[in-house]
Amino acid sequence: MTELLSREEYAAIAATLDLPQRAFIDGGFRDACGGRTFASTNPATGELLAQVAACDAEDVGHAVASARRAFEDGRWRSRTPAERKAALLRLAELLEEHLLELAVMESLDSGKPIRECQHTDLPETINTLRWHAELIDKIYDSTAPVGSAALAMVVREPIGVVGLVLPWNFPLLMLAWKIGPALAAGCSVVVKPAPETSLTALRVAELASQAGIPAGVFNVVPGGGREAGEPLGRHPDVAMVSFTGSTATGRLFLKYAAESNLKRVVLECGGKNPAVVMNDVEDLDLVAQHVVNGAFWNMGENCSASSRLIVHAEVREALLERIGAQLREWRMGDPLDPRNRLGALVSPAHFEKVRAYLDQARTERLAVRFGGATEAGIFVEPTVVDGVSPHSRLFREEIFGPLLSVTSFDDIDEAIALANDTVYGLAASAYTGSLRHALRLSREIRAGIVTVNCFGEGDASTPFGGYKESGFGGRDKSVWAHDQYTELKTIWIDAS
């Protein structure tokens with residue numbers, strides 16, 4: 001792990017950055033066909049970073065055509081597994097060589113604390129690419145038991161051109177979660193980053209070219225959802241879209257697929273994730289540490305954030321006191337200051353959305369136990385709101401900011417009912433000193449990821465995705481991610 005630098009050293013790196021501004025199509029940078037651009041700004045300061053190419057349907061068409069040519073002529077998919085593996089491992093090496101550059105770029109573009117970009121996002125991005133690269137030559141096809149008169153093979157083939165639509169909260173990491181298995185499988189990709197955070201995806205595309213990934217295999221079209229996302233979702237030569245973002249936008253991609261070529265759609269959408277704390281926990285200080293990290297890491301801009309604390313009434317007050325003590329250690333401020341654990345929210349529009357929920361808490365006359373204030377710019381203190389009922393908007397709606405709602409219960413049946421009282425089902429955490437309670441909570445909570453006595457999402461080897469309106473169609477990460485980027489084919493050879 002690279003050592004953190006001083007704020008001044010990060011600022012010096014920022015001053016030397018050559019920020020990418022144009023779309024990356026067919027192996028090189030190019031302006032948007034219409035010549036339009038949009039402003040990429042630093043959320044912490046409002047400062048203009050770059051005028052980025054604003055792609056539209058024409059640009060998407062060029063990118064898809066480039067990807068389709070690359071797929072059809074086999075310049076990538078026909079390479080041996082060892083050759084694709086070598087290129088992806090080289091890309092991971094290049095990301096490591098440019099780690100500080102990419103970490104600073106990510107922090108400037110997203111408002112994320114540099115300590116998280118450098119010590120979490122970049123290492124996990126690099127590890128994800130290496131993990132999928134190493135998996136390439138360890139996936140076997142199979143034969144079916146049909147007798148000696150025939151040979152029946154069941155094989156997987158790359159699905160084709162894939163549209164990868166990224167969120168703004170983890171631009172680099174979500175890029176790796178998707179390009180890792182997609183490129184490993186032999187697909188060609190067209191990446192549509194969020195307009196709020198387009199810069200690092202463009203830089204990674206450039207590094208991918210240097211790593212030996214052929215022209216046309218890795219394309220990036222920055223732009224808005226209607227202008228670039230919808231044309232990608234509707235394009236007849238796109239075989240699949242993998243989307244991470246809001247449930248509302250996920251529904252649109254299902255519509256685009258239904259109204260075009262019935263392309264495969266994999267959705268990873270929202271979450272309103274519970275942290276259930278039983279009264280038999282052994283270490284409330286440790287529980288408080290995990291709850292605070294789960295709720296406020298990345299400013300709560302995390303689809304798997306533990307935004308609902310569901311706590312047994314007997315330990316509620318003691319736990320809240322410890323949460324308050326933990327929060328005193330969470331500094332908020334300049335994202336390039338490595339002492340800060342909380343940076344700016346991603347945009348003024350998102351800041352106003354989060355602030356509206358703070359106002360809602362006051363309207364409902366709920367107890368704001370900690371935080372609740374905003375600071376100059378678009379900074380929001382980590383906020384804990386107590387006494388939240390299951391009917392409150394704070395309990396039911398995904399806020400995607402540093403706001404933790406607190407609801408108490410009296411027995412495990414009530415806890416499970418509260419945990420499942422949501423349209424989402426992405427993640428959950430359970431804290432208990434009882435193996436019996438741990439097994440029951442982890443089995444009965446309807447979520448794709450359940451952690452016990454910790455907060456997390458597993459590592460690259462474990463699938464990430466959810467139930468209900470949190471998405472469907474596949475999973476990010478792990479060996480299961482590879483399946484969704486392939487088609488299953490049966491080959492029957494009559495040997496009689």
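For all residues, glycine too, the Cβ spot is worked out from N, Cα and C.
Note that this is a predicted model, so its numbers are computed, not measured.
Long-range Cβ proximity for GLU268 (active site, proton acceptor), meaning a same-chain Cβ under 8 A and a gap of 6 or more residues, is found for SER242, PHE243, THR244, CYS303, LEU426, PHE464, GLY465, GLY466, SER470, GLY471, ASP476. Secondary structure at GLU268 (active site, proton acceptor), taken from DSSP and collapsed to helix, strand or coil, is strand. According to Swiss-Prot, the active site, proton acceptor annotation covers GLU268.
According to Swiss-Prot, the active site, nucleophile annotation covers CYS303, on the basis of sequence analysis.
Feature annotation from Swiss-Prot assigns NADH binding site to LEU166, TRP168, LYS192, SER246, THR249, TYR256, CYS269, LYS353, GLU398. Under DSSP, THR249 (NADH binding site) is assigned to a helix (H, G or I) in the three-state scheme. Around the Cβ of THR249 (NADH binding site), the same chain contributes GLY225, GLY229, PHE243, each under 8 angstroms and 6 or more positions distant in sequence.
In sequence order, SER304, ALA427, ILE449, THR451, PHE464 constitute the residues six or more apart from GLU457 (site 'Important in defining aldehyde specificity') in its chain with CB-CB distances below 8 Å. The site 'Important in defining aldehyde specificity' feature in Swiss-Prot is assigned to GLU457.
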### Message
My understanding is the cutoff is Cβ-Cβ under 8 Å with a sequence separation of 6 or more in the same chain; which residues meet that for LEU166 (NADH binding site)?
### Response
MET174, LEU175, LYS178, VAL191, LYS192, PRO193, ALA194, THR197, ALA201, THR244
## Note on the structure
Across all protein chains shown, the one of the recorded positions CYS269, CYS303 with the most other Cβ atoms within 10 Å of its Cβ is CYS303
## Note on the structure
Expressed in angstrom and rounded to a whole number, the NADH site built from LEU166, TRP168, LYS192, SER246, THR249, TYR256, CYS269, LYS353, GLU398 spans a maximum Cα-Cα distance of 27
